[in-house]
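A.B. asks: The NAD(+) binding site annotation in Swiss-Prot covers Gly12, Ala13, Gly14, Phe15, Thr16, Gly17, Asp36, Asn100, Leu123, Thr124, Asn125 and is backed by sequence analysis. What Swiss-Prot records for Arg87, Arg93, Asn125, Arg156 is substrate binding site, and it gives sequence analysis as the kind of evidence. The annotation phosphoserine is assigned in Swiss-Prot to Ser149. What Swiss-Prot lists as active site, proton acceptor is His180, and the listing cites sequence analysis.
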Amino acid sequence: MTMKRKKISVIGAGFTGATTAFILAQKELGDVVLVDIPQLENPTKGKALDMLESSPVLGFDANIIGTSDYADTADSDIVVITAGIARKPGMSRDDLVTTNQKIMKQVTKEVVKYSPNCYIIVLTNPVDAMTYTVFKESGFPKNRVIGQSGVLDTARFRTFVAQELNISVKDVTGFVLGGHGDDMVPLVRYSYAGGIPLEKLIPKDRLDAIVERTRKGGGEIVNLLGNGSAYYAPAASLAEMVEAIIKDQRRILPAIAYLEGEYGYEGIYLGVPTILGGNGIEKVIELELTEEEKAALAKSVESVKNVMRVLE
């Protein structure tokens, strides 16, 4: 029997999609198919070819193709969805809902048709609602449809903590709960630097400022760029999740998972600590929360539900 490389399709060849494809190829996680709409087929092919031509220099073996034909994605092991319109300065995530929901429905139909056994990771904003849309549209079990926000939000939190303490980011661990928006809940009590609780290392006022900056992290970059939104850190976060599934690493990572009673919520996609491995979301980890944290999470859930109400 011939051993085959894994196949990963990335839907949406904008900054985030293309960067994700490039990181996946560099990590040799599988062959990569980069997909966009027919009007953008040539630029998509150009990006894929450009990446492929870097492989002799960077020393990775992975085939990368660009296409607008979903038939090229057939039998993908993992499909990453980054397609959708981007958020512009002054635009709330909620403004994106109706347009991106239509895009999610179209994309999901094609994905399911050609890769009925794949795992789907959704990045498109507002990500909690878009992941729910893909879940409903696909008919897949909940463990195979996953949203990405917590890895990114936690990466931002870890970055700011490392800067504050002037230490390696590798030594900082943390968790962000809830929706991917201004009401996310960075769990300071469960965050450490070199195994030492952050509360022992950083004064409360500084920690509060870091939490606030984490909440506004996406908006900070949108405003600095002036056009478009973050893509390097989101792409790296997607690649970490893809790697956890493909290599069956059983990583404890924050992910947007479908809740059926965990944390007291039902029938909603929300950012929670999960075990991510070869079977997708293998477990939702329930942490003990203080009353204050529960209240913050409830506020975050309400924000997600407000977006969900816009869904058609």
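Cβ coordinates are placed from backbone N, Cα and C, and glycine is handled just like the others.
Are these features on the surface or tucked inside, and what touches them?
C.D. replies: Cβ-based neighbour count (10 Å, all protein chains) for Thr16 (NAD(+) binding site) stands at 26.
DSSP assigns Asn125 (NAD(+) binding site) to coil, not to a helix or a strand.
Under the DSSP three-state reduction, Ser149 (phosphoserine) is assigned to coil, being neither helix nor strand.
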A.B. asks: Whole-number answer please: how many Å between the C-alpha atoms of Ser149 (phosphoserine) and His180 (active site, proton acceptor)?
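C.D. replies: About 6 Å separate the Cα atoms of these two residues.
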A.B. asks: Hey, what's the Cβ neighbour count for Gly12 (NAD(+) binding site) at 10 Å?
C.D. replies: 25
A.B. asks: Tell me, if you would, which residue among Asn125, Ser149 (recorded positions) has the fewest other CB atoms within 10 Å in the structure shown?
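C.D. replies: Least crowded of the recorded positions Asn125, Ser149, by Cβ count within 10 Å, is Asn125.
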A.B. asks: Can you tell me how spread out the NAD(+) site is, meaning the largest CA to CA distance among Gly12, Ala13, Gly14, Phe15, Thr16, Gly17, Asp36, Asn100, Leu123, Thr124, Asn125, in Å?
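C.D. replies: 17 Å is the greatest Cα spacing among the residues binding NAD(+).
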